[in-house]
Amino acid sequence: MAELACFCYPHLENDSYKFIPFNNLAIKAMLTAKVDKKDMDKFYDSIIYGIAPPPQFKKRYNTNDNSRGMNFETIMFTKVAMLICEALNSLKVTQANVSNVLSRVVSIRHLENLVIRKENPQDILFHSKDLLLKSTLIAIGQSKEIETTITAEGGEIVFQNAAFTMWKLTYLEHQLMPILDQNFIEYKVTLNEDKPISDVHVKELVAELRWQYNKFAVITHGKGHYRIVKYSSVANHADRVYATFKSNVKTGVNNDFNLLDQRIIWQNWYAFTSSMKQGNTLDVCKRLLFQKMKPEKNPFKGLSTDRKMDEVSQVGV
């Protein structure tokens with residue numbers, strides 16, 4: 001995750017801003033600079049290579065002292081920065097909202113996946129600039145629309161019905177922030193269309209998740225899609241979701257956290273996110289992840305939780 005201000009800077013033209021991508025030499029200069037504390041939140045002028053991000057975002061970049069940041073000296077960084085600028089330049093951003101726009105925290109891996117989709121001749125985003133723009137605006141939080149199947153970050157499709165598409169996510173070969181853990185496995189479920197869904201199609205998804213992905217928890221980050229993650233990674237997701245939610249509240253970003261369908265979401269996660277929306281502390285919310293919940297009535301007839309061991313999936317073991 002990183003703020004949009006890590007990729008580009010605003011240049012005032014008439015009454016609105018044009019956004020320009022950073023080059024990696026300017027960022028490199030900023031990372032070596034000694035900056036007064038009062039100037040940490042200001043864009044840095046590298047003198048030689050142009051404008052660089054505010055020094056307060058130093059930890060967002062991979063350096064000898066910080067391996068957890070993004071690899072900004074890659075071609076992919078430039079491609080992602082240009083993708084963001086193209087999207088922002090399609091909007092009218094004024095002095096009143098430029099700060100809020102640039103403080104928006106976005107998913108670096110999601111944006112890299114959009115670049116990968118854009119460069120794939122078999123993908124619809126390769127052929128449609130309008131759809132690519134729409135997908136990018138959603139990814140950077142500048143659209144009220146949710147991420148649906150056609151505007152999704154992409155991946156390998158492992159399940160699809162009339163209402164949902166399930167993607168296997170892999171970041172092993174990413175350039176900006178690869179996940180090199182060979183055991184990493186995660187999925188995302190997007191809605192094919194943002195409209196009411198038939199119980200029949202919900203039941204099909206629930207059955208698929210229950211029998212094929214029983215080692216995973218179904219959660220949401222509040223953005224209109226489901227994530228299927230290992231139970232061992234749930235606490236980490238909770239920390240990230242809570243931090244992003246609080247950051248958005250603090251900066252005044254419109255943050256309509258979508259709890260999604262309670263019949264699909266893991267019961268403990270639904271309790272966690274509901275508590276978070278009520279304004280409780282992280283500790284109070286996270287306790288709900290580890291509490292034994294009272295089993296809910298099965299909303300779907302004929303979908304039993306009783307299953308023989310040889311019928312239970314080994315995915316994620």
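Placement of Cβ uses the backbone N, Cα and C atoms for every residue, glycine included.
What Swiss-Prot records for S107, I108, R109, K188, H221, G222, K223, R227 is ATP binding site. Listed in sequence order, E153, Y171, H174, L176, M177, I179 are the same-chain residues six or more apart from R109 (ATP binding site) with CB atoms under 8 A from its CB.
The region 'RNA-binding' feature in Swiss-Prot is assigned to 205-241; the stated evidence is sequence analysis.
Note: H225 (active site, for NTPase and RTPase activities) has non-local neighbours I146, E147, A152, K188, V189, T190, L191, i.e. same-chain residues 6+ apart with C-beta under 8 A of its own C-beta. What Swiss-Prot records for H225 is active site, for NTPase and RTPase activities, and it gives sequence analysis as the kind of evidence.
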Original post:
If H, G and I count as helix, E and B as strand, and all else as coil, what does DSSP give for K188 (ATP binding site)?
Top reply: strand
Original post:
Where does R227 (ATP binding site) sit in DSSP terms: helix, strand, or coil?
Top reply: strand
**OP:** Give me the largest Cα to Cα distance among S107, I108, R109, K188, H221, G222, K223, R227, the residues the record lists as binding ATP, in Å as a whole number.
**Re:** 17
Original post:
Near the Cβ of S107 (ATP binding site), how many other Cβ atoms are there if near means within 10 Å?
Top reply: 18
**OP:** Note down the number of other Cβ atoms within 10 Å of the Cβ of K223 (ATP binding site), including every protein chain shown.
**Re:** 18
